[in-house]
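Structure first, then comments.
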Amino acid sequence: MSDADNRVILNVGGIRHETYKATLKKIPATRLSRLTEALANYDPILNEYFFDRHPGVFAQILNYYRTGKLHYPTDVCGPLFEEELEFWGLDSNQVEPCCWMTYTSHRETQETLGILDRLDLDTDKLAEEDLYKKFGWEEEFLSNKLNFWQRIKPKLWALFDEPYSSMAAKIVAVVSVFFIVISILSFCLKTFPGLRVPIISNETVLIDENGSTSFVLHKHRSEPHTAFLYIECVCNSWFTFEIITRFAVTPDKREFLKSPVNIIDFIATLSFYMDMVLNQVLSEEETSYEVLEFFSIIRIMRLFKLTRHIAGLKILIHTFKASAKELLLLVFFLIVFIVVFAALIYYAERIQYNPENSFDSIPIGLWWAIVTMTTVGYGDMAPKTYAGMLVGALCALTGVLTIALPVPVIVSNFSMFYSHTQARSKLPKKRRRVLPVEAVRPKSQSAGPVGPKGPGQRGGLEGMKSGPGLLDSKLNRLGANTLQSMMSPFSMQSYFPLAMPNAAAAAPAQAAAAQASKLISGTVYG
């Protein structure tokens, strides 16, 4: 078998590649290792296999067959490369280590986009059809079979949960933020001494042994001004109305109850009513006012409700979630170094005589190590000996280096989330519809005259006569230079093999070839 018979031509996306059949057999059980002339994409005239795939990716795939090393082209997207590998029957895990990080970066991007989809950061108004589709009433909407509640429920949901859906929804969002801010301000200002009312009782005391008495005003405690109670009542009335309405119109009540923001809102609202009930039921002697005020601190958690209206807060929260491993590693190293330096400072201060030693035990040294490593430095405790100062210097330097290590990771995650959010906001929401690719029709098995190609196939000039426009379209793809070489007397015999026993039989074929040459020259150069 000659060298030409061992070669195979592959036309991928209009670019022709030529290699040996033995090269394609190096990786078995793949698409290229099973090439036969019976395939529908085989062209018997041009003697090539045509694949409508990405030519740039195929260059790396063919190089994988030649060298056994699969490299990732940096000018294509990762999912496209995976699709091409899947089409050719190759394993994506065979990518070389030098290209692995670049190749797998698209997976992190897809995970980030999936997180952003769950965050629901879109600020565009939902189409009416999409709105009813969210509730599972798309068919009823299209057929106009919605009842009154089905018509009003999605609109109420958009009013309270989609601030950008309409002008009324924006007004509701502004009102909600206003009551959140007023509630937080009221919670903070009612602790200010100038805005609290003292609870004073008139007590009778003995002045001397003769039984003389006098009246003394005794301050038991202080309570917030009554105005704060009215403010809390108004704010919590709105919060109660809002959470009941949102729960009634939500498309998925289970997801609503699982949301951390909704749980905080419910507990904060419930704590207000429990505080009111306990103050009414219990007497002043039984009521521990400080304990009730402490439990009301849950109301300040309403600040997290602002994440429903501010996309940046959602991104920040999920940045810390994405950086959880780095933060846990930071906490672990901090705990280790805090214990180490607490023990060192305890024994370092006891080496020399130190009457002003503040480190009486290692647990006290833990507080000093935390304050020093976090670079806070309250100054309430400080080493007095030289050995203690050396330990303090090492503790401060270690704290700075330990805390600074995960900061770039957190900043990188936030930048990644934010940049993808900005890119998503600029993407068009509606894309042009792309129809699916029509499958290649299989070769017909109809009988034809027997020629050099075998029974049932039309070869040589007989095959050209069966389709007058077929030869033009096929040879046009080879280019002008290839056509000129094909029209030479020797190449004509190689491209159009004929079983000609004598020169007399070859004369009609040569005349047909000359006519085809004129036709092709007119097609290419005309």
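Residue 1 is the first one shown; counting continues down the chain.
Note that Cβ sites are derived from N, Cα and C of the backbone, with glycine treated the same way.
The domain 'BTB' feature in TrEMBL is assigned to 6-106. According to TrEMBL, the feature transmembrane segment maps to 171-192, 327-348, 360-379, 386-411. If you look up TrEMBL, you'll see 439-466 marked as region 'Disordered'. Residues or ranges marked as compositional bias 'Gly residues' in TrEMBL: 451-462.
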Distant-in-sequence neighbours of the transmembrane segment (327-348), which means Cβ under 8 A and at least six residues beyond its ends: 320, 359, 361-363, 365-366, 368-370, 372-373, 383, 385, 387-388, 390-392, 394-395, 398-399, 402-403, 405-406, 410
The predicted model's mean pLDDT over the domain 'BTB' (6-106) is 90
Work out, from DSSP, the number of helix, strand and coil residues along the domain 'BTB' (6-106). 45 helix, 20 strand, 36 coil
With Cβ-Cβ distances below 8 Å as the criterion, list the same-chain residues six or more beyond the ends of the transmembrane segment (386-411) that contact it, or say none. 319-320, 323, 326-327, 329-330, 333-334, 337, 341, 344-345, 348-349, 351-352, 359, 369, 372-375
